[in-house]
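A.B. asks: Got a structure for you, written out below as structure tokens; questions coming shortly.
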Amino acid sequence: MLRLSSSDPDFAEAFARVVSDRRESAVDVADDVAAIIKAVRARGDEALAEYTAKFDGHDLDVTGWQVDAEACKAAFDALTPELRSALELAASRIRAYHEAQVPEDRDYTDDAGVRLGATWSPVDAAGLYVPGGRAAYPSSLLMNAIPAKVAGVERLVVVTPTPKGDVNPLVLAAAHLAGVDEVWRVGGAHAVAALAYGTDRIAPVDVVTGPGNAWVAEAKRQLYGVVGIDMVAGPSEILVIADARNDAHRIAADLLSQAEHDPTSQSILITDDTSFAQAVADAVEVELSALATQETARTSWTDNGVIINVASFDEAPALANALAAEHVEIATDDPEGLMRSIRHAGSVFLGRMTPEAVGDYVAGPNHVLPTGRRARFSSGLSVLDFMKRTSFIQLDQAALEAIGPAAVALADAEGLPAHARSISIRLGQS
Ligand SMILES: NC(=O)c1ccc[n+]([C@@H]2O[C@H](COP(=O)([O-])OP(=O)(O)OC[C@H]3O[C@@H](n4cnc5c(N)ncnc54)[C@H](O)[C@@H]3O)[C@@H](O)[C@H]2O)c1
Ligand SMILES: N[C@H](CO)Cc1c[nH]c[nH+]1
Ligand SMILES: [Zn+2]
């Protein structure tokens, strides 16, 4: 864990290193991922089976490539009442939030008499990546599938790794609840490549969404263009801005909630109180020792944890904007005031009673969020990621007379006479 203070003479340099040393660039997987994609494109299911044996330790021909709808329903029916109502609460809150994102078509006629507008339509098929390496993620299944359903996507295809061949029943139950059409027991970069190019078994999709580790995130990045993607959602990260009025153990728990995802996850604390900084550092050690995920969380905290002391929270927005973290928790007296100055963040959690983890499961907004500073230019998964917009234009003679001559002039200026002619021929000009 790195301790920094904004009053240190070399702070700017040290902080710049924190900003640039993001995990996805630190873990250099681009070449490995390119080779995996090439193999899946060339050898399809054969390559999928090989990588699954290598990374997940099971033989797909023995354990089965796909989980059928009956097995998903059976898993749902077998849920304890407590888990069933938790899953249903999560699903209904996620659905309500995303239903409000459905865009409206536009259709209007402007002053020149030109009819203009746009219609929204869903993609035909969506590939939903549900992580499953170190932990299983039924919550990510809901976060992927519900907005896709709300958008009106017809074919929902889940890929998820099942290490050692063990399928997580809650993932299957969530697939049943969300109305997923196919569940394939493959994960990693190879699963993303299969969704993009298709194989003999898996028909290709139009868009691949969802979170994953460095290999999954890099595969989506490399395959963008072959297939649509939501954004690059890699190893989790959290920035907590907290004052000394917080309980140190609560803040430590928040930092570790993201550290436990992945050894390359990152947790950062910004505080204006040196004693509180030390109290949180000590509390992290205590909280760590009680975690079943201790090994991963400890590696993440040791390698990528940062505590930054600032003289005043006025310094925090500039630091937060440079970090552009996936999650920003603001546990200060005026969280709203700080949020207004933070422009680059995947999702913001306001106040002392809003731990990030509540957003991971049941708050409603999507937990699939950009990492690796990509909140500078991208947003969390939404209904719009499963839709595209088609504009339309309609003119009559009067409208063409009104705006056509300008188009003719521009076409002539561009040296494109056929363009000019296709307009002028309708204006009665030769
Ligand atoms: N940003 C977000 O919105 C968000 C949301 C949820 C989870 N996450 C992240 O998802 C990730 C889940 O990771 P996970 O590992 O548990 O599951 P995962 O499903 O993302 O990855 C596991 C798969 O990675 C592949 N893999 C592992 N080692 C490999 C190697 N050396 N070479 C090639 N491929 C390899 C294997 O196929 C394995 O099945 C975490 O990093 C977590 O932080 C991010
Ligand atoms: N924090 C993750 C996004 O980075 C989402 C998640 C799912 N389950 C638990 N957490
Ligand atoms: Zn989480």
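Glycine residues also receive a Cβ, built from the backbone N, Cα and C atoms like all the rest.
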A.B. asks: For the substrate site that TrEMBL assigns to S236, Q258, H261, H327, E414, H419, which of D200, D206, D360, D385 is also named?
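C.D. replies: Looking at D200, D206, D360, D385, the one TrEMBL places in the substrate site next to S236, Q258, H261, H327, E414, H419 is D360.
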A.B. asks: Please check the binding-site residues S236, Q258, H261, E414, H419 against ligand 1 and give me the ones with CB under 6 A, sequence order.
C.D. replies: S236, H261
A.B. asks: Ligand 3 is in the model; which of the binding-site residues H327, D360, E414, H419 have a C-beta less than 6 angstroms from one of its atoms?
C.D. replies: D360
A.B. asks: Just the number: how many Å between the Cα atoms of S236 (substrate binding site) and E326 (active site, proton acceptor)?
C.D. replies: 7
A.B. asks: In sequence order, what residues of the same chain, 6+ apart, have a Cβ less than 8 Å from the Cβ of H419 (substrate binding site)?
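C.D. replies: Looking at Cβ-Cβ distances below 8 Å from H419 (substrate binding site), excluding near sequence neighbours, one finds A407, A411.
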